[in-house]
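**Q** Input: one structure, supplied below.
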Amino acid sequence: MKRDDIRHGGGGPLEIEAEDGAGAGAPPSDKVKQGWLLKPENKDDERSIDEKKKRTMFLSMRKICCAKYSVTVRSVVVVGILVALITLIVKLAQRSHHHVHPSVPDNYTTALHQALFFFNAQRSGKLPKYNSVSWRGDSCLSDGNSNTKNLIGGYYDGGDASKFSFPASFAITMLSWSVIEYSAKYAALGELDRVKGIIKWGTDYLLNTFNSSAADSIFNVVADVRGGDDTDSSGGGDQEKTRNCWIRPEDIDHPRTGQECYNCPALAAEMASALASASIVFKDNTNYSKKLVHGADLLFKFANKGQGAKYTGSADATSPIYNSTGFWDEFLWGGSWLYLATGNLSYLQLVTNPDLGAQGKVLWTDPKNRVLSWDNKQAGAFLLLSRLRLFLNYGYPYEEMLRTFHSQVDETMCSYLPVFTSFNRTKGGLIQLNNGRPRPLQYVVYAAFLAQLYSDYVDAISAPGWHCGSNFYPTEELRRFARTQIDYIIGKNPRGISYIVGFGERFPQQVHHRGASIPKNKIKYGCKGGLKWRDSKKPNPNIIVGAMVAGPDEHDNFQDVRSNYNYTEPTLAGNAGLVAALVALSTGNPAGVDKNSMFYAVPPLPSPPPPPPSPWIP
């Protein structure tokens, strides 16, 4: 079985500061000073003064020479010993700093390194030299319509060779959010450049799925690029046909054109969120950041054509596999990220419009809206907008809606605690955010991220906790929830199995993934020929390190069967949530969030007008 190398971050230089010692220029003692004043005794000595002087001079010179030689030798010896000791101390300290600490990181840090590695296995197009997955190669180099759009690149969504703009955009948004909040942690772990490279690979592709260089407006976006069977090169065809084509992406040698969408507001708003959030990540790359902001603005305008506050929130009809069930959440999500990326108050005014909030408010009591996922972003949008209230003083006219969003965040956090019955748990302790349906882990990792992030927000304002009704809970309750859920995923569960491939001693062997399950042996099997590898009972020949599989059922049972994607398939969105949760939970310095980077584009607010007076009642 082939295994991928996992890189771990190293440490920086160790500085040793010398202690201050006594100075060589200290004033002489009183005894020495008195010695200078003593007169020679035996004045009646008959020896001649010249002889005395000569003898005295000879003895003095001999003493001086011997003393100097003795002092010099002793000094050399002492200095040599000190240099040797200091060298030994420095080497031991460096060995401790560079070897011991990285070799025994906490479990979350180890899992984070691996979870990031998963994205290398999902890359489409011309792979960079640093991709480091030996069983992957260049693939699908003819994607797109050569006359209009170049769709080479991006990421495969899960275990096949399909690329979906909707979940990929959500994954990029969540990775960007984690970098903005925890960039110092990523840097300390040696992973900042890698995670930024993962984000950029995705945003480069998204910029090609629409006319990102248009001056003011666009008319369509590419929803997906699907198909491994050359009879389905248009990206159409039925879902089962795609699933029954078991072929390595590297063996797809025919052009695939994308499915274009002309009326898909939820998809466009999600894509806008991805580009806007990434523009903050790349704020130091001015030209690229501006390009991302411009693309996000075009997409949001496209999403909101004729919609505004009166939009009813119907579903997109863009993809048979990934389709939004509504638009309200993407509208709020995209507008919030664009405000943070631009500082343009029109976006903030839009998402805090009370009329718009009144239309969406009927949905807030539904427990499913407390579950962050690729389909529903309400819980994430509410926390993102609450950040404005926690760290910035907006006041009227924004405070009313921001306070409402903050209240929803508090209730969401309460719903995660075991003392409440909003969600069931398995006997092993896994929260059932999708009510016992398959593929639960993708929802769990996002809840863990939100819980840890909110606890860091509360800590950053020096508050001890938050209220659930009349009861007060310390932030440690949220951190405990996040830890227990991630601990379940990495192996603390009734089956004693890690659901992250490559982590621990026991992990899934038959991952639902074409590239990992078909050997790289220079044989092109084709759609039907590859089915023998899908149906094989043997472990995958290639280990897809860092992939989080779909997870167990509601009874903590897990079937390690390649053909059952409800248990064994990993996805982009799932791994992005895993990465976000792991970096939030990882220990070490610096702890907590970066309060300021999120607001780098937000200018100081002008003094708000006073609220209108209450109506006069006679």
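Cβ coordinates are placed from backbone N, Cα and C, and glycine is handled just like the others.
Note: TrEMBL annotation is automatic and uncurated.
This is the feature table in TrEMBL:
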type	residues	note
ACT_SITE	HIS512	active site
ACT_SITE	ASP560	active site
ACT_SITE	GLU569	active site
DOMAIN	108-582	domain 'Glycoside hydrolase family 9'
REGION	1-48	region 'Disordered'
TRANSMEM	71-93	transmembrane segment
**Q** What's the most sparsely packed of the active-site residues ASP560, GLU569, counting other C-beta atoms within 10 A?
**A** ASP560
**Q** Across all chains shown, how many C-beta atoms besides its own are within 10 angstroms of the C-beta of HIS512 (active site)?
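**A** For HIS512 (active site), the 10 Å Cβ neighbour count is 26.
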**Q** Return only the integer: C-alpha distance in Å from ASP560 (active site) to HIS512 (active site).
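**A** Per the Cα atoms, ASP560 (active site) and HIS512 (active site) stand 9 Å apart.
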**Q** Restricting to the domain 'Glycoside hydrolase family 9' (108-582), what is the model's mean pLDDT?
**A** 91
**Q** Just the number: how many Å between the Cα atoms of GLU569 (active site) and HIS512 (active site)?
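**A** The Cα atom of GLU569 (active site) is 5 Å away from the Cα atom of HIS512 (active site).
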